[in-house]
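What follows is one structure encoded as structure tokens, with my remarks underneath.
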Amino acid sequence: MELADRCKMETKPVITCLKTLLIVYSFVFWITGAILLAVGVWGKLMLGPYISLIADNSTNAPYVLIGTGTVIIVFGLFGCFATCRGSPWMLKLYAMFLSLVFLAELVAGISGFVFRHEIKGTFHRTYTDAVLNYNAEDEASRAVDNLQHRLRCCGVYNYTSWFGSVYYPSKGIPASCCFNSSDCSAEDLRNATIAPSKVYHQGCYELVTSFMETNMAIIAGVTFGIAFSQLIGMLLACCLSRIITANQYEMV
């Protein structure tokens with residue numbers, strides 16, 4: 001009995017240290033879920049039109065982020081509860097969930113990096129269709145206007161992309177292409193000779209794709225970094241569960 005008591009006394013500081021680290025980790029994990037939830041809601045409210053230009057059909061990406069963030073928040077709280085309770089089976093369940101999150105994030109990061117060229121091709125196709133079928137009224141047309149205005153670009157490759165649109169014969173190039181709206185009349189935009197001196201010359205496709213290429217490595221690195229951080233939580237949860245089980249430790 002004395003040896004057992006001595007072993008418990010020796011392992012108690014280790015367990016306390018592991019619990020502290022796992023609670024801190026779970027709190028950070030919970031914050032990650034809250035950020036994903038916020039990004040998902042923001043993306044749905046603010047980026048809906050832009051997302052429609054990247055995907056052939058309506059995408060569920062914002063809902064995936066919202067759902068993932070909500071689940072992470074719940075399990076982050078569960079991790080804190082399991083750690084404070086010192087329940088081995090709860091800690092194992094928490095470690096299992098972290099392993100699933102790790103695999104999901106790893107697959108998402110690899111898929112995004114590998115299929116980045118397909119994403120560019122899809123964007124080119126959908127954005128070209130939006131320009132050719134532009135009417136200044138539907139959601140895709142408003143997204144085109146916002147994109148051109150904010151990025152200071154015009155058309156797919158340049159302003160000549162608008163010459164083949166259904167909008168150009170009657171109304172010319174959209175006003176969102178103008179770099180100076182106060183000196184850009186509807187008559188100027190219908191005139192193929194004057195319009196080039198009134199609108200941006202750089203195409204939007206080049207700007208968006210160059211941004212993707214430049215930042216893809218950073219995005220992939222952050223994704224993999226977050227994914228591998230799950231291994232820390234898995235290790236802490238498994239170690240704590242094993243030590244508690246081996247020493248029959250219970251928090252009073």
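Here the Cβ of each residue, glycine as well, is placed from N, Cα and C on the backbone.
Residues or ranges marked as transmembrane segment in TrEMBL: 21-43 (among others).
What TrEMBL records for 63-81 (among others) is transmembrane segment.
If you look up TrEMBL, you'll see 93-115 (among others) marked as transmembrane segment.
According to TrEMBL, the feature disulfide bond maps to CYS154-CYS177. Take the CB of CYS154 (disulfide bond) and look out to 10 A: across all protein chains shown you find 27 other CB atoms.
Counting only same-chain residues 6+ beyond the ends of the transmembrane segment (216-240), those with a CB under 8 A from a CB of the stretch are 15, 18-19, 21-22, 25-26, 29, 32, 79, 82-83, 86, 91-92, 94-95, 98-99, 101-102, 105-106, 108-109, 112-113, 116. Summarising the annotation, TrEMBL assigns transmembrane segment to 216-240 (among others).
Outside the transmembrane segment (63-81), and at least 6 residues removed from its termini, the chain residues within Cβ reach (under 8 Å) are 22-23, 25-27, 29-41, 43-44, 90, 93-94, 97, 101, 233, 237. Within its own chain, the transmembrane segment (21-43) is flanked in space by residues 51, 61-77, 79-80, 83-84, 98, 226, 232-233, 236-237, 240, which lie at least six positions past its ends and keep a Cβ under 8 Å from the stretch. Other Cβ atoms within 10 Å of the Cβ of CYS177 (disulfide bond) number 26 in total over all chains.
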